[in-house]
Amino acid sequence: MDIQYKSALPFVLLVFNAVLGSLFFGYSISYLNSASNFYPIYYLIIDYDVSTQNLLKALVGAIFTLSAGAGAMLSGNLLQKFSIRKSFMITDLIGIIGVLLEIISNIYWFYLARILIGFCVGLNSSLIPLYIKEFSPNRLSGSLGALNQLTINIGILIGLISAFFYKSNVDEQSNDNIFRLFLEIPLIFCVIRTLLLIFVFKNEPPSYYVQQNQLSQAQQIVEKYYLREKVDQVLDKIKSVIESKRLQKETYKDLFMNYSQRKRLLIGCGLQVLQQFSGINAIMFFSKIIFSSILNNDETKINWANVTVGLINITFSLLAISLLQKFGRRTLLLYGTITCTIFLAIAFGFSFSQDPNTTIEILIVLAIFGYLGAFQLSLGPVAWIYDADILSEKGMSLAVLCNWISCTFIAFAFVILDIDHNKERLSIVFGVFTGCCVLGVFFIFKFVQETKDRTSSAINIFFSLTKVKEEGLLG
């Protein structure tokens, strides 16, 4: 394949800085999981009766995910007023304010903090894939896109490791101090990214300068990263994509009225819904509760199972970077989802056992681990990369909104099921996720087409031709 860039390293460094927001993302969805026995004490939730406690804890998750959906939806509006680099800085400022408010030991300030943190996470979940797409050459887009999921998983692991620092046999103040310390960690991610954007990564993607008619600046950026003889070719491609977008300047209404856009939106949103209804964030948010039900509340086993979740996520995310270079998006999505289905079906089958058998416990836990590995090779990174391939900025915002609405439903329903006190309901959870994955396999087989190594223009043409073929068959 024709290589146009000087070195992959500058692109990797740009992306590493951007995905500090993914660390914030991952950490924000896991550290309360580790502190599930302690944050209700810190925020005085335990002062209420059990049913009210469950409702308040469900709201913690629902508020976070709904505000994340709002952030994802409004990311397009933010980009209309600010460059993507400035949008990152605004996102980090919102995150910093949210984290500082979260330190206050009050349920109402806690809810406001989770709204702001969720909004920050939603913005990051939409802006980061677009930023990676804007800067990355086609040859590197898959691997660099997988770094987004990898760093989300590193953030998750950091949050899960925090469980080892809480002790059930010490005074309440000691755990409060530990919890407060872990609340402050996301400040590091926000502050470092903003400082690096100000002092090191000072440039916008070249497409931004072309849109602003600052062609000399765009050329300087392209010359910095690409081979001299390829500069004009890269600039022409950027101009072509921007001109195509200008001629097809879209509103949200256009996404539904235009056949090509509507079909892509259906596929993009479908993949995001499937990602959530495969069960991933039920495990990320509530793995401690799930493992408590399976492992009979053995705290040591639970914590190690939790950390293993994080390690599996990272290990298979690294493997995904290599596989994305070798295999197509559709191939990974299809066979990865089939594998997820198999492991969830195993967990579903063994979860009916009422006999506290160590072998059964191990098999269910291993099935969960197998599911996580398959997810990180398929629906985890590839759904985001595929959506960035086929969707516009507004389309991406809607797809990410679907992801967060689905996540909200899963999180709220899981808490209301109260598996802590109704272990038999865990089989229902595994059954639903298995069924959703089965449907997902058929969805991917029927609708998802390969986009690996295709330019944006080629993808646009492909989906337009699809309509012609379908009309020909009907006519």
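FYI, residue positions are counted from 1 along the chain as it appears here.
Any Cβ shown, glycine's included, is placed from N, Cα and C.
Marked as transmembrane segment by TrEMBL: 12-35 (among others). Residues 42, 60, 64, 88, 91-92, 95, 117-118, 120-121, 124-125, 127-128, 131-132, 135-136, 144, 147-163, 166, 179, 182-183, 185-186, 189-190, 192-193, 196-197, 200-201, 281, 284-288, 306, 310 of the same chain lie 6 or more positions beyond the ends of the transmembrane segment (12-35) yet place their CB under 8 Å from a CB of it.
The feature domain 'Major facilitator superfamily (MFS) profile' is assigned by TrEMBL to 14-452. Per-residue confidence over the domain 'Major facilitator superfamily (MFS) profile' (14-452) averages out at a pLDDT of 87.
The transmembrane segment annotation in TrEMBL covers 55-76 (among others).
Among the features that TrEMBL reports, transmembrane segment is placed at 88-109 (among others).
Summarising the annotation, TrEMBL assigns transmembrane segment to 115-132 (among others).
Annotated transmembrane segment per TrEMBL: 144-166 (among others), in sequence order. Beyond the ends of the transmembrane segment (144-166), by six or more residues, the same chain brings 11-12, 15-16, 19-20, 22-31, 33-35, 37-38, 128-129, 132-133, 136, 175, 178-179, 182, 185, 189, 284, 287-288, 302-303, 306-307, 309-311, 313-314, 317-318, 320-321, 324, 376, 380-381, 384-385, 388 to within a C-beta distance below 8 angstroms of the stretch.
Per TrEMBL, the feature transmembrane segment maps to 178-201 (among others).
Long-range Cβ contacts of the transmembrane segment (265-291) within its own chain (Cβ-Cβ under 8 Å, at least 6 residues beyond either end) map to 29-30, 32-34, 36, 61, 156, 160, 163, 255-256, 301-302, 305-306, 309, 333, 337, 340, 344, 365, 368, 371-372, 375, 379-380, 383, 386-387, 390-391, 395-396, 398-400, 402-403, 406-407, 409-411, 414-415, 419-420, 426, 429-430, 432-433, 436-437, 439-440, 443-444, 447-448. What TrEMBL lists as transmembrane segment is 265-291 (among others).
What TrEMBL lists as transmembrane segment is 303-324 (among others). For the transmembrane segment (303-324), the list of distant contacts is 30, 33-34, 142-143, 145-147, 149-150, 153-154, 156-158, 160-161, 163-164, 283-284, 287-288, 291, 295, 332, 365, 368-369, 372-377, 380-382, 385: same-chain residues at least six beyond its ends, Cβ to Cβ under 8 Å.
Annotation source TrEMBL lists transmembrane segment at 331-350 (among others). Listed by sequence, the residues of this chain that lie at least six past the ends of the transmembrane segment (331-350) yet keep a Cβ under 8 A from its Cβ atoms are 271, 274, 278-279, 320, 323-324, 360, 363-364, 367-368, 370-371, 374-375, 377-379, 382-383, 386, 427, 430-431, 433-434, 437-438, 440-441, 444-445, 448, 450.
What TrEMBL records for 362-386 (among others) is transmembrane segment.
Note on the transmembrane segment (398-416): residues 54, 57-58, 61-62, 64-66, 68-70, 72-73, 75, 122, 125-126, 252, 255, 265, 268-269, 271-273, 275-277, 279, 281-282, 285-286, 387, 391, 429 of its chain, located 6 or more positions outside it, place their CB under 8 angstroms from a CB of the stretch. Summarising the annotation, TrEMBL assigns transmembrane segment to 398-416 (among others).
Non-local neighbours of the transmembrane segment (428-448) in the same chain are 263, 266-267, 270-271, 274, 277-279, 282, 329-330, 333-334, 337-338, 340-341, 344-345, 347-348, 351, 379, 386, 414, 417, 419; each lies 6+ residues outside the stretch with a CB under 8 Å from one of its CB atoms. What TrEMBL lists as transmembrane segment is 428-448 (among others).
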Candidate ranges 55-76, 88-109, 178-201, 362-386 - greatest C-beta contact count to the transmembrane segment (115-132) (under 8 angstroms): 55-76
Chain residues in Cβ proximity to the transmembrane segment (178-201) (below 8 Å; excluding those fewer than six residues from its ends, i.e. six or more beyond): 13-14, 17-18, 20-21, 23-24, 27-28, 31, 34-35, 38-39, 42, 85, 88-89, 92-93, 95-96, 99-100, 102-103, 117, 120, 155, 158-159, 162, 165-166
